Amino acid sequence: MQDFLKGLPKAELHLHIEGSLEPELMFEIGRRNGVALPFANVEEVRAAYEFNNLQEFLDIYYQGAQVLLHEQDFYDMTFAYLQRCREQNVIHAEMFFDPQTHTDRGVDIGVVIRGLTRAMEDAEIQWGQSSKLILCFLRHLSEDAAIETLRQALPYKQHFVGVGLDSSEVGHPPEKFQRVFEQAQNAGLLTVAHAGEEGPPEYIWQALDLLKVKRIDHGVRCIEDAALMQRLIDEQIPLTVCPLSNIKLCVFDSMSEHNILRLLEKGLKVTVNSDDPAYFGGYMNENFIAMQEALPMSKEQAAQLARNSFEASFLTSEEKARLLARLDQYLQNH
């Protein structure tokens, strides 16, 4: 079963590119740029990756991002993640990036976007990797700051397909960002938002009704609201669920308690994702394997989760059909 899961063609739709920065690369880039980290070595960094909640993780995540200053830094980080996709049969990836984490440190948004997109282009040329970018606003900052970020980003609009909302959820409801999401939609961008991870089901309603999102990132707390569940089923609104992340941040106490397969069996369009894999102990295959070991998960369920990931993507219908054909071919042979 593990070999089946490793070989399974899949798409990842919930991945923060800054959260893929492995400690080794963090140190390498830090040395290159003369940025001192508050850790003596890689082992110390890994030891610090024990979190009790989302905020404890975010504090370390923003520290790690301090090393990223130049276009090449963003290139190296992105290319390393896309190489991991190649190894794990993630044949399409939609990556979040957090421009405010960098522009607030004086890094130009163009430097960020050029570094990311150059890596994406090289991965496509070298092995046919499919990928897209989604710009995320940090919800612990003001909506005015998000509006300014969108303004700075729009000259590069051809490089990203949508906008999202991430960072500290509780106390920062989606309604806080209604205007900037309207502006993004008017500019032709798709919308997604983190909701219902630590925040209540009400935040999922707001994301759907006020931000008009096409996907909910996380969304696992929808199970507390029957009417919301029904709507997510009826409208087939995808949930980009991150199992290992949820355990690492104590959203669930253990993988055996995770509700992803219950949501799947009820007819919700759930997908498996790694969120911040360098911090949460696993990329896509590690997430699938952890689920299979703890829940357990059948081949049919794994195949449906993979199918959902392509159907929920922001690819064109032709591109979806091409990647789904690769999945079907794999399933026929396995």
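For all residues, glycine too, the Cβ spot is worked out from N, Cα and C.
The model shown is predicted, which means the values in this text are computed figures rather than measured ones.
Feature annotation from Swiss-Prot assigns Zn(2+) binding site to H14, H16, H194, D275; the stated evidence is sequence analysis. Counting every protein chain shown, the number of other Cβ atoms lying within 10 Å of the Cβ of H194 (Zn(2+) binding site) is 29.
In sequence order, L54, E169, D217, H218, G219, V220, R221, N246, L249, V251 constitute the residues six or more apart from E197 (active site, proton donor) in its chain with CB-CB distances below 8 Å. Per Swiss-Prot, active site, proton donor is recorded for E197.
The secondary structure of H218 (site 'Important for catalytic activity'), as reduced to three states from DSSP, is extended strand. Annotation source Swiss-Prot lists site 'Important for catalytic activity' at H218, citing sequence analysis.
Per Swiss-Prot, substrate binding site is recorded for D276, and the stated evidence type is sequence analysis. For D276 (substrate binding site), the same-chain residues 6+ apart in sequence whose C-beta sits under 8 angstroms from its C-beta are H16, E18, G19, S20, F57, Y61, S245.
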Can you list the residues of the same chain, besides H14, H16, H194, D275, whose Cβ falls within 8 Å of the Zn(2+) site's Cβ centroid? L15, G19, F96, D166, D217, H218, T240, C242, S245, N273, D276
In chain order, residues whose C-beta lies under 8 angstroms from the C-beta of H14 (Zn(2+) binding site), counting only those at least six residues away in the same chain, are E94, F96, D217, H218, T240, V241, C242, T271, N273, S274, D275
